[in-house]
Amino acid sequence: MSTQDRPSGSGQDPQDRLTHIDEAGAARMVDVSGKDVTARTARASGRVLVAPRVVELLRGEGVPKGDALATARIAGIMGAKRTPDLIPLCHPLSVSGVKLDLSVADDAVEITATVRTTDRTGVEMEALTAVSVAALTVVDMVKAVDKGAVITDVRVEQKTGGKSGDWTRS
């Protein structure tokens, strides 16, 4: 596992602490009222590993339930908008835009979500939720053909804006 793929931080630096845990160890929603409203973006990606027959169907006649990629795209967009309903301490944000790209590779459906906002906190969770919900939808759409589809590699690829600045996975 590379440094970019695992959690980091020693816990000694105040920047290394878990912001959603208070001094007593209780969960809390971070107060972002003092932060500046800035333009922010986040891009996340993930894959759904599928059987060769699923790849063949997605590239051709489609799967029995219908247009899997279009359905997953809409589901991912809806997921991004519903993130604070799914993740308890996530702030409701004014999501400005969600772009979801799905492509069929030789062994997988590859998913990338880019989410934009102008707000006080970032949209990494919205991008991750978009990818996750799209991936779950792909699994649902192909399960009649491939009960062994696997969701994998869901992760933030990039974030821009905010106090902590820009970050890109290397």
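Even glycines carry a Cβ here, placed using N, Cα and C.
Over in Swiss-Prot, the protein carries these features:
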| type | residues | note |
| --- | --- | --- |
| ACT_SITE | ASP140 | active site |
| BINDING | LEU89, CYS90, HIS91, MET125, GLU126 | substrate binding site |
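For the binding-site residues listed here (LEU89, CYS90, MET125), the lowest count of other CB atoms within 10 A around the CB belongs to LEU89. Residue annotation for substrate gives LEU89, CYS90, HIS91, MET125, GLU126. The furthest Cα pair among them is separated by 13 Å. Rounded to a whole value, the Cα-Cα separation of GLU126 (substrate binding site) and ASP140 (active site) is 21 Å. With the fewest other C-beta atoms within 10 Å around its C-beta, ASP140 stands out among the recorded positions GLU126, ASP140. LEU89 (substrate binding site) and ASP140 (active site) have their C-alpha atoms 27 Å apart, to the nearest angstrom. The DSSP secondary structure for LEU89 (substrate binding site) is coil. Between the C-alpha atoms of HIS91 (substrate binding site) and ASP140 (active site), the distance comes to 28 Å.
Other Cβ atoms within 10 Å of the Cβ of HIS91 (substrate binding site) number 17 in total over all chains.
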